[in-house]
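Features as listed in Swiss-Prot:
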COMPBIAS  291-301  compositional bias 'Polar residues'
COMPBIAS  331-343  compositional bias 'Basic residues'
DISULFID  CYS376-CYS443  disulfide bond
DISULFID  CYS405-CYS475  disulfide bond
DISULFID  CYS409-CYS477  disulfide bond
CARBOHYD  ASN118  N-linked glycosylation site
CARBOHYD  ASN155  N-linked glycosylation site
CARBOHYD  ASN280  N-linked glycosylation site
CARBOHYD  ASN469  N-linked glycosylation site
REGION    34-70  region 'Disordered'
REGION    267-345  region 'Disordered'
SIGNAL    1-33  signal peptide
Amino acid sequence: MARGPARTSLGPGSQQLPLLSLLLLLLLRDADGSHTAAARPPPPAAADGLAGDKNPQRSPGDVAAAQSPGAQDMVAVHMLRLYEKYSRRGARPGGGNTVRSFRARLEVVNQKAVYFFNLTSMQDSEMILTATFHFYSEPQWPPAREVPCKQRAKNASCRLLPPGPPARQHLLFRSLSQNTATQGLLRGAMALPPPPRGLWQAKDISLIVKAARRDGELLLSAQLDSGEKDTGVPRLGPHAPYILIYANDLAISEPNSVAVTLQRYDPFQAGDPEPGAAPNSSADPRVRRATQATGPLQNNELPGLDERPAQAPHAQHYHKHELWPNPLRALKPRPGRKDRRKKGQDVFMASSQVLDFDEKTMQKARKKQWDEPRVCSRRYLKVDFADIGWNEWIISPKSFDAYYCSGACEFPMPKMVRPSNHATIQSIVRAVGIVPGIPEPCCVPDKMSSLGVLFLDENRNVVLKVYPNMSVETCACR
């Protein structure tokens, strides 16, 4: 009978003690984990606030950082996030149009790790806006001190005193005139407060980079100096530093700028004949626009049913009335159904040069061309960089919707083609016919949008450029 009360009296205590012990163990484990667990590096900090982006949907840059083999390559991950940001928001990177990244080359100088950056790939037309140095910093704890063992105690044990405060680091920048591991000219020094844990940091080095470029010394070295010599052999790992330079390329709006920066070789090498050139023609690497066969894709006109390839060199030049039969001309009133039944075939047969198709085929062709607008308008065109041989160095996008403008600008021009005053007068003069040889206005792009391209330069550095006038938004007669 005595066992029953004892069991009931100990019951509540036996339930509370395990709970308290479990809670204490969890607290101790969390406290130890805050000091011993390996810190996971956050996304690289940048002046544009990418690290603070809390989009719940994972972007391709985040997926690449977590899954791809190059997940440790923070340069590629950071540049991909910049590309996604400016492609999505349509903004200009740092107020400019160019972001260049530069990887570090590790050298050991006086038993200390020194990181070298080759900035010579910057173009003269690129005006530097800002430059940031991205590096991974960890607290440098001094070695712990050992406490002498107490011999008087029954269970004598030795312990280590907790280490003192972490050492203060200095970030040193030097510029070099030659690509050698020398001291160089000191360009700047920054005192870094000890970080609470291992994390990525970014420092503004715009003045340093601008001064080095002004003096023609585009080889920079960076060193994290804590006063102690590095133990072991330094290696470039996943935490290698890098430099980002935001610039405004003044030549990006010049004609043919996209080919100047993205084309790695001439498609028509010197000595190689151009496609379609005569066997005994001279090997001039320049593209001869005047001698190229003129077709509907070159003169912004849609092909007609009776268009056939030229049979002789003198047959390359056509007049509009020779290529377009009367029923297919734009802005002509469509005849009634009864008139088409009676006169449609006779009129078409009298003006067309194609006589080898049956009536059913011709009706299908006529219906297809009536469905497609003949007036000046935007047409769909998708450009794949693999088709022009640029996919080897272009990272993203692989393709884009470029569109193009094509169609007729005949008098009277509707409002939808947004003709200029000059185009309106030109179409009237052409329609009157007093001045011979006046062509009709051309269907050209009116409004265009830019395109961000992420690619590798000749030094295998990742570059982001926002090219203007890459995709057609609207077309007009000019």
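From the backbone N, Cα and C atoms, a Cβ is placed for every residue, glycine too.
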How big is the gap, in Å, between the Cα of CYS405 (disulfide bond) and that of CYS443 (disulfide bond), rounded to a whole number?
-> 6
CB contacts under 8 angstroms to CYS409 (disulfide bond), restricted to the same chain and 6+ apart in sequence, sorted by sequence, are VAL375, CYS376, VAL417, PRO419, ALA423, SER427, GLU440, PRO441, CYS442, CYS443, CYS477
Reduced to three states, what secondary structure does DSSP give ASN469 (N-linked glycosylation site)?
-> strand
At the Cα level, what's the spacing in Å between ASN469 (N-linked glycosylation site) and ASN118 (N-linked glycosylation site), rounded?
-> 31
Please report how many Å separate the Cα atom of ASN118 (N-linked glycosylation site) from that of CYS475 (disulfide bond), as a whole number.
-> 44
When DSSP states are folded down to helix, strand and coil, where does CYS409 (disulfide bond) land?
-> coil
Where CYS475 (disulfide bond) falls in three-state DSSP terms | strand
